[in-house]
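According to TrEMBL, the protein carries these features:
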type	residues	note
DOMAIN	142-234	domain 'Mandelate racemase/muconate lactonizing enzyme C-terminal'
ACT_SITE	K163	active site, proton donor
BINDING	D188, E213, D238	Mg(2+) binding site
ACT_SITE	K262	active site, proton acceptor
Amino acid sequence: MEIEKVILRVIEMPLKKPFTTHLATVTTRESIIVEVVDKDGLSGFGEVVAFSSPWYTEETVQTAYHILQDFLIPILFRTKIEQPQNVSQLFAKIKGNHMAKAGLETAIWDLYGKRNNRSIAEMIGGERKQVAAGAVVAAKNKKEAIEQIGKFHDLGYQRIKIKIQPGLDYSYIKEIRNQFPDLPLMVDANSAYSLDDVKKLQALDEFQLMMIEQPLGDDDLVEHAILQKQIQTPICLDESIVSFHDAESAIQLGSCQVMNVKIGRVGGLQNALDIHHLCRKNQIQLWCGGMIEFGISKAFNLALASLPGFTLPGDIPASTNYWEEDIIEPEIEVKNGWISVPDKAGIGFSINQKRLHAVTVHREIYQKRAV
Ligand SMILES: O=C(O)CCC(=O)C1=CC=C[C@@H](O)[C@@H]1C(=O)O
Ligand SMILES: [Mg+2]
C-alpha cells in the first residue's frame, strides 16, 4: 500500500450529558480523525482517542497532533506498507504516544480492509456476529445515576459500569443493589484508592460485583497483586496496562483477573491483538474498554470485542448514548442488548461526511512529496 496523503481533522462535539469521574468531567469531546489516502484515492479512517487534557493518560489532542505531524506521518511516507500488522513495529522507535500511534495504525487497517474487501473483524480473527452492549454511568449525583441505570436496564444493556471513589462507594452500590439486585454490575475507581483502603474495598465483596476496575495507582501492578489476595471481587486493570509487557507482568504478579483492552491506550490494534492472544493463554478474561469516542473508534472496538477472548460486555453503547449525531452511518445501534458486528470492508461503516465536516474545527493535509 502506497499512502499518498494523510488528512488530520480535529473534531469537537458536545456530549448529550456530562461524563463525570473523580478525575474530570467531560462535557465536550475533542478528537483527531485520521484519514489515509492511497495512490488510487481510496481512504482509510482512524481516530485518536486522547482527551483535551491529560487527565486519563499523559496524552492530549495537542500532543498527539504534534507526534503525528512531526514524526509518525513522515515515517509513514518513507515506508512502503505491506500490511497493517507491521505498522506498530514501524512506530516502535517513537517512545510512548500510544493514542497518536493507534489513530494512524487503525486508519491503515481500515484502508487495507477496503483495498482487499475484508472487514476488520474478519482480518483479526473475530468470531462473534454480535457483541453485548455495555454502558457506563458517570453521572454527577446518585439520583441521576440511578435514573440512568434504570434506562440502560430497560434498554437491555448486558452490563452497567459505575464510577466509584472514597465516599461514593458502599452506600451508593447498596442503593443500586436494593433496586437492581440481579444487575450485572461493575465499578471503575480510576485509581481513587490506596492500600490504606483495603477494608473499604473488602466491604464491597458483599455486592457480587463482576469486578472492580483500577482501584489503585494508574501505573501500578505490585500493589494490585497485594490487594487481589485480600478481596474476593476480581480486579480489572485499565490504566496500568499500556503494553504487552505490562500485561505479561500483571499475569506473572497476579495483579488482576480481568483486563480492559483499549486500542488507543495500548498503541494500536496489533498490540491489542497480541495482548488478546497472551490473555487467552493465561485465562485472563477480557473486555473492550471505551474512551467516550466517536463511531470510527467504536467500530474498531466492535471488531476487537468479536474475538473469542473478549468474554465480557465492554464499554460499547449505542451512538445515541453520547451524540446527537455520530460521524458514521449507519450509527451504532443496540437491539435487545446486542450490537451487530459489521461484515462490510474495513470498519464496516460509512463516514457521514456532512456531519464530519460540520464538527471539524481544524483540518490539515499532508502530501507525500515526490522524491
Ligand atoms: O466510552 C465509554 O462508553 C466509557 C468510557 C469510560 O468509562 C472511560 C473512559 C476514559 C476514562 C475513564 O473515565 C473511563 C475508564 O476508565 O474506562
Ligand atoms: Mg477504566
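Including glycine, each Cβ sits where the backbone N, Cα and C put it.
Locations of recorded TrEMBL features on the structure.
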{"residue": "K163", "record": "active site, proton donor", "contacts (Cβ under 8 Å, 6+ apart)": "T20, T21, H22, V136, V137, A138, V187, D188, A189, N190"}
{"residue": "E213", "record": "Mg(2+) binding site", "contacts (Cβ under 8 Å, 6+ apart)": "K161, M186, V187, D188, A189, N190, I235, C236, L237, D238, N260"}
{"residue": "K262", "record": "active site, proton acceptor", "contacts (Cβ under 8 Å, 6+ apart)": "V49, D238, A272, C288, G289, G290, M291"}
Take the mean position of the Cβ atoms of D188, E213, D238, the recorded Mg(2+) site. Which other residues of that chain put their Cβ within 8 Å of it? K161, M186, V187, A189, N190, I212, Q214, C236, L237, E239, N260, G289
Which whole number is the mean pLDDT over the domain 'Mandelate racemase/muconate lactonizing enzyme C-terminal' (142-234)? 97
Would you mind sorting out which recorded positions among K163, D188, E213, D238, K262 put a C-beta under 6 angstroms from ligand 2? D188, E213, D238
Result for ligand 1 contact check over recorded positions K163, D188, D238, K262 with Cβ cutoff under 6 A is D188, D238
DSSP, reduced to three states, assigns the residue listed as 'active site, proton acceptor' to coil
What is the number of other Cβ atoms found within 10 Å of the Cβ of D238 (Mg(2+) binding site)? 23
Secondary-structure category, per DSSP, in which D238 (Mg(2+) binding site) falls: coil
